[in-house]
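Below: the structure, in structure tokens.
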Amino acid sequence: MTRKKRRLYFVVLGMLALFAAAGLTLTAFQDNLVFFYSPTDLQEKGVDQGRRFRVGGLVEEGSVVRDGETVRFIVTDLMNTVTVRYTGMLPDLFREGQGVVAEGAMDGAGTFVAASVLAKHDENYMPPEVAESLKASGKWQHGPPTAAAAPAP
């Protein structure tokens, strides 16, 4: 084999190895990639049943229903809503009128089945995805929560 052919052989082999590594990396990221949707995004775009994603917004007032360890509540972006079902312990800061981000998947009945629920850290914090969604919908209100959203003493 001449030097020229050997060099070409190594270059082609190196390119194949690079493409294989890139393909494996992208496949690994695809499995771990979790997208964020607002309730309006879900209405407009839809998501495949069983596909993992995050949904965020505000917990609608009067929507929290507890049945043993299972909790059902409605997440809204003040334009559309999505019903969420979660089994487990909710964060201490979870309450109606506050921002949440839930991670899980849609079931066949159109309910979002959450594997985890994240709540606001304090009265001034809102998850960035939720804030962007509310700004895009024109419903953004900057400042402290309203009296209805504040926790009971």
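Backbone N, Cα and C define each Cβ position, glycine as well.
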Among 66-87, 132-153, indicate the range for which Swiss-Prot gives the feature region 'Disordered'.
132-153
Give the mean pLDDT for the topological domain 'Cytoplasmic' (1-7) on the 0 to 100 scale.
86
